[in-house]
């Protein structure tokens, strides 16, 4: 086990489950802070603003600064801004997505859009989907913050953004460009923010299909925690394994003796 | 060309386009009536009641009785009734679907459903989709009236029921049972209503992927009309061709001399 110089850390299933903090998570972050190891939280959550996510963590006793939160909405806005800051964007999404686009001064429009951008939207309706389909058929590029098919809630697994996005992709036959984990786009941006070589970074998360694959695809070492979606048992048949796996984060020492 | 003893006839793109009657359609139906050739209109439309569809045709000068309309909602209700008349059904859909289920005295419920049934619903929202996902994950069977990915309108191609259904199928990983054309379920029911052997029936429609494939799969001869979605040019690469093709229905004589 090597001493990584920076960490990328997932949130849901790794730091908390819904509103419940996960044991060992706060202490793990405390040790990173004590040893001045830089870290960033990287989440497919597209609905929340980073300030709200950071406040939630602090309320759980996890020391996180606003600028240590990196969401799929922020990666989406940054991606579009890099391609063309004058892009016009039609949006299906919640405040986290609108906020990220506004911070990049990207114009949100109802028609003549260059991009249709979809994030989770629990106020989704037929008209929003219809307009998105018309724009995509008219040539707008289709971007989706993340392909998560389900969101864990107290009620059970509700439709995720990947499922909502499928209305537009199935209807138009156009494949979306996904931004969030396990895609390289969000990872490359997060790595650039950390400003360190990939081999010095460890990606920590509970979900093999998003967190661990994101690390594998971006050639960043991975630590899987069994406090959320995936277990070693459930992934043992897969050819690409996480670099490390622990039951929970209290078992992981960020600084080897 | 043989003299078919009964006809199954598509509506949108074959009898009318939206609110516009298609030239030759009314006269074709007139000849069927004059020669006492039985026929039935078979449509993937799940949102309208058969009485309303028949009235629309009559307003266009096409003589159609209420009982000559067979919708994907009617086929869906009939299918569920045949499996188990005491089924409890959670519904996403419009009045045509509710009406069909009511006519079969099928109980519509908000929870503990045996079936989740999805038809086009232009009042779709996240809560409806969420409840459908929870019920399907809890074991309810997923049925969809039809897999049409788009609906032609004056505004352009809007999301069809197949696209809406994908939210639930993508999120849950459960494949729906589709009822409408080109599936055999709606065809078998329509053929049974006509009460004649398949080889004496001709299926007429404009859409290769729904109407013509429905005929091919059910071993019913097909007549493709080039007044809607498909053209001979667009399907010439396909191995299975319609039995006949005409530019429009004025070219088709239901009774060979």
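From the backbone N, Cα and C atoms, a Cβ is placed for every residue, glycine too.
What TrEMBL says about a protein is an automatic prediction, not a curated fact.
Around residue B:10 (Mg(2+) binding site), taking its Cβ as the centre, 25 other Cβ atoms fall within 10 Å, counting all chains. Sequence annotations record features per position, and here TrEMBL assigns Mg(2+) binding site to B:10, B:12, B:206.
According to TrEMBL, the active site, nucleophile annotation covers B:10.
Annotation source TrEMBL lists active site, proton donor at B:12. Taking the Cβ of residue B:12 (Mg(2+) binding site) as centre and 10 Å as the limit, one finds 21 other Cβ atoms among all the protein chains shown.
What TrEMBL lists as substrate binding site is B:181. A C-beta separation below 8 Å, combined with a sequence spacing of at least six in one chain, links residue B:181 (substrate binding site) to B:10, B:42, B:44, B:72, B:146, B:187, B:205, B:210, B:211, B:213, B:214.
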Neighbours of B:10, B:12, B:206 excl. site residues, C-beta within 8 Å of centre, Mg(2+): B:11, B:13, B:14, B:15, B:43, B:205, B:207, B:210, B:211, B:225, B:227, B:228, B:229
Long-range Cβ environment of residue B:206 (Mg(2+) binding site), under 8 Å and at least 6 residues apart: B:10, B:12, B:13, B:14, B:224, B:225, B:226, B:227, B:228, B:229, B:230
